[in-house]
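Notes to accompany the following structure.
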Amino acid sequence: MSKDGLRASHPKGNKRKLRKFYSRQNELIDAFLGAEDEERAQALDDIKNGPKVKFAVNASFVVNFCLFVIQLYAAISTGSLALFATAADAFMDLVSSCVMLVTSRMAKRPSVYKYPVGRTRIETVGIILFCALMTTVAAQLIIESGRALGAGPQEDEPLHIIPLCFVGAAIFSKGTLFLYCFFLRRYPAARVFMVDHRNDIAVNIFGLVMSVTGSRFVWWLDPFGAICIGLLILFSWAANAFEQVWLLVGKGAPKEFISKLIYMTVTHDTSIRKVDTCRAYHAGERYYVEVDIVMDESTPLKISHDVSQSLQRKLEGLSAVERAFVHVDYEDEHDVKEEHKPLHQSQKKRRSIREILLWGKKETTEAQANIV
């Protein structure tokens, strides 16, 4: 729809909200149209750009290792707490890469009898454990920096140029890899390293500035910078852990993804009359999907089996889906809640804040009405 059409259809509408709404609708339509060939398109795209993504991942790992060595050398040479903080951040990035590599390989190893549905959730567990380690290191760094602040100014040390130049070269390497990963950001692995490089550039520049100014001008800027970096590490990884926990709990999929699943189900076969239920929830990084379809009660078992089996495989072809379960029914008049044991107990409706605030006023009004 053109801008003139938008103005004519919604003369009093908010332009920004209308633009956002129609952009989301266009993205949803594109997702519907591309759902049929998503698996094939993803395979072709992996063949074309897979080596580039692999190079980005391997180069990022090498640069993270070199950055840690350089940061550790610079921190020991200068005695700067801010550089120690950046070295700790670089070390944690290196360890996180190793943890993700190990957990991803473990997740890909099949064990049909011990782990019938796979071990992909071990990646999420590994991230949570690593977040706990990162927050512990950040807390210890904050404590040591606080002690340095309490101890007061120390003897002035000469400015070490060579270690600081090494840190500058490492920051430049990070910037180059950030640009490379930025152009490959549609791939999850490259996007993760893009965000990592972006954060490392900001943290390392801040740590370098705090180290130089703390050693040459104001002594407390160095431990203060270390505390700031420690707090950044603490809160960022704690938020990451909190997000990963909800993925293990079983957070539901967004409405746009549910709509995409319903569209794929309805258009899968002409024998599918209705979609009774469609659920999608996290079981780790990817989704488990449950779909109940309605077919005619006279449909032969062979046809209903083949249709549901092909639909299940079609849904599992989506990159965001781990497993799909398709249930066939012949009517949709039954209560969906009776299909499984209830997971939630019925509770009384909670009062809103407005009702709580107006509760005394309501009682007074009722009492006056009774008197009258």
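The backbone N, Cα and C atoms fix where each Cβ goes, glycine too.
TrEMBL labels come from automatic prediction, so no person has curated them.
Worth saying up front: this structure is predicted, and the values here are computed from it rather than measured.
Taken from TrEMBL, the feature transmembrane segment covers 55-76 (among others).
Residues or ranges marked as domain 'Cation efflux protein transmembrane' by TrEMBL: 59-245.
Tertiary proximity for the transmembrane segment (82-103) is limited to same-chain residues at least six positions away from its ends with a CB under 8 Å from its CB atoms, namely 60-61, 64-65, 67-68, 71-72, 74-75, 122-123, 125-127, 129-130, 133-134, 137-138, 141, 145, 167, 196, 200, 203-204, 206-208, 210-211, 214, 222-223, 225-226, 229-230, 233. For 82-103 (among others), the entry in TrEMBL reads transmembrane segment.
According to TrEMBL, the feature transmembrane segment maps to 124-143 (among others).
Beyond the ends of the transmembrane segment (159-180), by six or more residues, the same chain brings 56, 59-60, 63, 66-67, 70-71, 73-74, 77-78, 83, 86, 193-194, 197-198, 200-201, 204-205, 208, 211-212, 215-216 to within a C-beta distance below 8 angstroms of the stretch. Marked as transmembrane segment by TrEMBL: 159-180 (among others).
Taking Cβ pairs closer than 8 Å, the transmembrane segment (224-249) reaches residues 81-82, 84-86, 88-89, 92, 121, 124-125, 127-128, 130-132, 134-135, 137-139, 141-142, 144-146, 148-149, 199, 203, 206-207, 209-211, 214, 282, 284-285 in its own chain, all 6 or more past its ends. The feature transmembrane segment is assigned by TrEMBL to 224-249 (among others).
For the domain 'Cation efflux protein cytoplasmic' (265-329), the DSSP-based tally of helix, strand and coil residues reads 18 helix, 29 strand, 18 coil. As annotated by TrEMBL, domain 'Cation efflux protein cytoplasmic' applies to 265-329.
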